[in-house]
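Student: Below are the structure tokens for one structure; questions will follow.
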Amino acid sequence: MACVNQHSFCKTLLSYINILIILILLDFSYGMFNILLCIFTVTSLTEKACYLAVSHFLLVMLVWSFIRTMRTPPATPPRCFHWSKAMKVQYKTKSEEEFQVTLCEAAMELPIIMLSKEGNIRFCSICQLIQPDRCHHCVKCNMCVLKKDHHCVWLHNCVGFSNYKYFLLTLLYAILYLLFISAASLQYVIKIWAGKLPDALGSPLLALVCLSLIVLILVLFLLLYTCFNIGRNRTTIEANYPPSYVNCYDQNAYSFGFCQNLLQVLGEKKRYWLFPVFTSLGDGYSFPMRCAVDDVEKNAGIFQVLPARPLWITLDQYQEINDSEGDTDTTVMEDKNEDVQELEN
Ligand SMILES: [Zn+2]
Ligand SMILES: [Zn+2]
């Protein structure tokens, strides 16, 4: 028993070692830049105050975003996606094909467009639920995560719908902080080489610049890849394993252009964009798509009405647009409903 406890303790300790490395790096950069360079080396008071103010601001924003990304629990599917008692029994007693029929019936009530690679309704037998679009099970977190991007070992948490904005801000502030301290330190390294400052300062400052630049390049690649995915409104999972949709063959089905895609992550209120507070648009389980579901026959019995309201339009604005469009839309919807009834008959 003691051995099991010891093993579990070692495992927990090892899983947090990445976070420990980040803390050591931040501590090193803080000591070298703020104490050694700003307090003991820089002579100009204005320069000293400027360096301290900017580096502290960027560091606070970086740590705040990092903690928010790490501590925000992943968003899980709401109750309506969970299996009913009857479905739990059917899962144990029926064959997978028969269970799929039950899933299809249940999925008709839900906003589901994404299918498995085999063209089936996606479900998670561990969490016992129908998986909403863009939701994936995380083995490490042991739960289904809404709009799962990836499980980050450095954060010891899943990056998904609930903390994607914080993750983006963590990368952004990390780059700004590293860029600032390496640029400010570099000029003093050059002064030391030129013999204008004591040699003893050379090695620690050079170590700070080199370390900052190495981490900066790594984080920059990660930020560029994240921006590339935002540009196509794809998660890392969707980029690696292109999903299938009901009646839609567009691999960038959620993309409405870089600005609109970014708006889905950052939210509508510009004043909150640079702060790690939750402002992302949507509910995490239904997403506006480019392709319209108007070919009912291709839905193979799973007719779904897409969330027609774009996430960046408020309900009141959407109501106004609908009212102004008048009877035209009503006729289209009536035709659609007739088609569905015909298909069901
Ligand atoms: Zn699950
Ligand atoms: Zn996870």
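Just so you know, glycine gets a Cβ as well, placed from its N, Cα and C.
Those TrEMBL annotations? Automatic predictions, nothing curated.
Residues or ranges marked as transmembrane segment by TrEMBL: 16-42, 49-67, 171-193, 205-225. As annotated by TrEMBL, domain 'Palmitoyltransferase DHHC' applies to 119-239. The region 'Disordered' annotation in TrEMBL covers 323-345.
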Student: Would you list the DSSP helix, strand and coil counts for the residues of the domain 'Palmitoyltransferase DHHC' (119-239)?
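Tutor: Summed by class, the stretch gives 67 helix, 17 strand, 37 coil.
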Student: For the transmembrane segment (49-67), find every same-chain residue at least 6 residues outside the stretch whose CB is under 8 Å from a CB in it, and list them.
Tutor: 22, 26, 30, 33-34, 37-38, 42, 155, 166, 169-170, 173-174, 176-177, 180-181, 184, 274, 276
Student: Quick one: mean pLDDT on the domain 'Palmitoyltransferase DHHC' (119-239)?
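Tutor: Taking every residue of the domain 'Palmitoyltransferase DHHC' (119-239) together, the mean pLDDT is 91.
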